[in-house]
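Notes follow once the structure below has been shown.
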């Protein structure tokens, strides 16, 4: 009996030793040996997950998949810290009253917009306000915030009043389009009709819908034919808030694709389209505001409850909109250097699948632990958009500096420290990924290119990240990985 018990003890001891060796070997492959395990408050990797306030289902899917795996893993739970990055404030403007869906700018509409009358963007009662242009082409950029119809195009007269010198063409173009939507030609023999200190000609009437972005061009054969106006004391009529004009102040830098210099050589008249719909919208504004306030209160309460329950959320002092994501990221960088001890920071989004085993293993195998490191999948010579979700009007170059796709990238602590220290001086551009590229261009980090950080919604067995997934898709990818090691499918 004793010999049997002794034999059994030897077997149990052998199995135990084998298990210990296997787990240590697994951890060693990933660079987490027990011998060099740091203190519990020191983390090898800090993961920041950009998350919209309302994306609680995506956050829960991450907690149920790769985040839950990290928390339960004996070698990873004290080496990797994951935090969701949340805007502390929600946008208080109802969706129907926003200028666009990407910001929190409210439509400043007034009763003047529903007058039903034809309006001019300006009048020149005194011809002494006019001055000769020193360039042959002037341009005015504007955006339509509620549908309008342009009825006439106009030019300023030369001195003396009611005289036009040379030939002038006025064209309205949609941004990034070459063909004119409407146009009119003015000359000394065909100057048009004089009204309010300007010559006007009627044009074919098109409905310019909400969101239309256009450029009005005044073109002359030589600059002496164009008259301009001192814009410093000028206020354009936006029709009660239905139009938004870009800056034409003296000294304004022309946009990189501008066809003319910012300025005015005339104007146009317009009417507001569908006044009845606009009137109804104005009447319902106060009711929508009350509903939105109640929604925000419920959203705040739900977020606080979620934060208390999970303890994995960082609220940064930013209004949670798409346009504010770069500022949101900078605020998280400030939080991270003040509140966490880490060597590397992995940034990702709440709709991204992350193969944490592959990331940590490659991190160790490639020894990606040095300073001035930026590890990601880099886009190069990426064109700057003038319209749409990725519209960028502030960055002057036609292409961005190299930037890593936002689905996942890793930066070393020293770079995070630099970003945090300079956050108040860094300009936020339209997206956090391109903003990061512009900011890092000043530092010149070592870029480690890795196509495993996917830029589009794709799936490969050796991928590190994949973006744009639903909560259900995140769970499916993770379950496949656990079942057969391939998130893309098990045969």
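Placed from the backbone N, Cα and C atoms, the Cβ positions cover glycine too.
Per Swiss-Prot, transmembrane segment is recorded for 3-23.
Look at Swiss-Prot and you will find 24-491 tagged as topological domain 'Lumenal'.
When secondary structure is read from DSSP and collapsed to three states, residue 167 (N-linked glycosylation site) falls in the coil class. Around residue 167 (N-linked glycosylation site), the same-chain residues at least 6 positions away in sequence with a Cβ under 8 Å from its Cβ are 185, 186, 187, 220, 221, 225. The N-linked glycosylation site feature in Swiss-Prot is assigned to 167 (among others).
If you look up Swiss-Prot, you'll see 230 (among others) marked as N-linked glycosylation site. Non-local contacts of residue 230 (N-linked glycosylation site) by the CB criterion (under 8 A, 6+ apart in sequence, same chain) comprise 129, 131.
Mean pLDDT for the topological domain 'Lumenal' (24-491) in the predicted structure: 91.
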